[in-house]
Amino acid sequence: MERRAGSRLRAWMLLLLLCPVQGRQKDSGSKWKVFLDQINRALENYEPCSSQNCSCYHGVIEEDLTPFRGGISRKMMAEVVRRKLGTHYQIIKNRLFREDDCMFPSRCSGVEHFILEVIHRLPDMEMVINVRDYPQVPKWMEPTIPVFSFSKTSEYHDIMYPAWTFWEGGPAVWPLYPTGLGRWDLFREDLLRSAAQWPWEKKNSTAYFRGSRTSPERDPLILLSRKNPKLVDAEYTKNQAWKSMKDTLGKPAAKDVHLIDHCKYRYLFNFRGVAASFRFKHLFLCGSLVFHVGDEWVEFFYPQLKPWVHYIPVKTDLSNVQELLQFVKANDDIAQEIAKRGSQFIINHLQMDDITCYWENLLTDYSKFLSYNVTRRKDYYQIVPRRLKTEL
């Protein structure tokens, strides 16, 4: 009974957040008409997804597996393994086996955690899982071959899976995250506690970004911050590739800032790095308004996050960033509602159960396209569950 009442309350709150925004700001006027119209269209076209059986993301699985509807042959799989495009795994009689070679052991471990969570319900299969940053199957490649990657653009046929960072193996940032980002379930709790300490009205209204220069697409925001520090507080930090101040646009590197301390700010920026950015999902849980720059790189959950509904979309060259910041400052209640919708989506649809469920649905559907019986490779060793980690 309580669960039904809770579901009705959440549905009512969602309907309230999805109400059209036109005419609700006294001074919006024609100055902001373009943005207000985009928000209204986005809300009118938005269809909230179900929380049942992680069906929210089923369309992503379906689209990623479409190229393989003709079947995956033993010969095709042998070619993928031969080309070393990732780590080769086999699931046989509800046991997980792997070749010895893995470029990033902690990343493989993060992947294996989720497979082992559902392995007792999985049929026999084999697959190649890429734990590099970059996808491996460009669309011009013929024939299309099955490789699992955590992120891609529309130019690739890789099959997306939930990244290892939901458990472990994320980027190490010393001294904040010396063993890397991980344990999404624990991190969620930390971020939500910080968000409660920094409600919207207490947040600093200066836009905020801290990160390393993994992509020059971030440069315009750093330069804007130097020109107008009251509008934007954005600085480069060091990463493993840092050699001199040239790598931080001629200024000393800033100190790294814990993600929970980002919650002090009302407007947070997300950029792609080498591929999709791991910080994206974290920013929403601050209850802040996320400015998402560019839309080329995606992870499996991105397609259900909609521009103007859950975040503010920013052009890749940042040519519209100042106008967007002026808009949200002039329309604070609208900005807050977008932030709430973004936060609620991640809270409701990106729980650890959703990650595990996605892995199970993805591998189960994928296995149906294998046109042969998998034979265990004798030199592969069995992966067994490790002791549960209870700290980040």
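The backbone N, Cα and C atoms fix where each Cβ goes, and this holds for glycine too.
According to Swiss-Prot, the signal peptide annotation covers 1-23. Positions annotated as disulfide bond by Swiss-Prot, on the basis of similarity to another entry: Cys49-Cys56, Cys54-Cys357, Cys102-Cys108, Cys263-Cys286. As annotated by Swiss-Prot, N-linked glycosylation site applies to Asn53, Asn204, Asn373, with the evidence given as sequence analysis. What Swiss-Prot lists as active site, proton donor/acceptor is Asp133. Sequence annotations record features per position, and here Swiss-Prot assigns UDP-alpha-D-glucose binding site to Tyr177, Ser212, Arg218, Val274, Ala275, Ala276, Ser277, Phe278, Arg279 based on similarity to another entry. The motif 'Prevents secretion from ER' feature in Swiss-Prot is assigned to 389-392.
All features noted in Swiss-Prot, drawn onto the structure.
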| residue | record | DSSP class |
| --- | --- | --- |
| Cys54 | disulfide bond | helix |
| Cys108 | disulfide bond | helix |
| Tyr177 | UDP-alpha-D-glucose binding site | strand |
| Asn204 | N-linked glycosylation site | strand |
| Arg218 | UDP-alpha-D-glucose binding site | helix |
| Cys263 | disulfide bond | helix |
| Ala275 | UDP-alpha-D-glucose binding site | coil |
| Cys286 | disulfide bond | coil |
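The Cα atom of Cys56 (disulfide bond) lies nearest to that of Cys263, taking the recorded positions Tyr177, Arg218, Cys263 as the candidates. Counting in whole angstrom, Asn204 (N-linked glycosylation site) lies 23 from Ser277 (UDP-alpha-D-glucose binding site) by their C-alpha atoms.
Note on Cys56 (disulfide bond): other Cβ atoms within 10 Å of its Cβ, all shown chains, come to 22. With respect to Cβ neighbours within 10 Å, the disulfide-bonded residues Cys263, Cys357 differ, and Cys357 shows the lowest count.
Straight-line distance linking the Cα atoms of Cys49 (disulfide bond) and Cys286 (disulfide bond), rounded to a whole number, equals 22 Å. For Tyr177 (UDP-alpha-D-glucose binding site), the nearest neighbour among the recorded positions Cys102, Cys286, Cys357, Asn373, judged by Cα separation, is Cys286. Around Cys102 (disulfide bond), the C-beta neighbours below 8 angstroms that are at least 6 residues distant in the chain are Thr87, Cys108, Val131. With Cys357 (disulfide bond) as the anchor, the candidate recorded positions are Asn53, Asp133, Cys263, Asn373, and the one with the nearest CA is Asn53. In the shown protein chains, 22 other C-beta atoms lie within 10 A of the C-beta of Arg218 (UDP-alpha-D-glucose binding site).
Recorded residues Asn373 (N-linked glycosylation site) and Arg218 (UDP-alpha-D-glucose binding site) have their alpha carbons 48 Å apart, per Cα-Cα distance. The subset of recorded positions (Asn53, Cys54, Asp133, Cys263, Cys286) lying with their Cα within 10 Å of the Cα of Ala275 (UDP-alpha-D-glucose binding site) consists of Asp133, given in sequence order.
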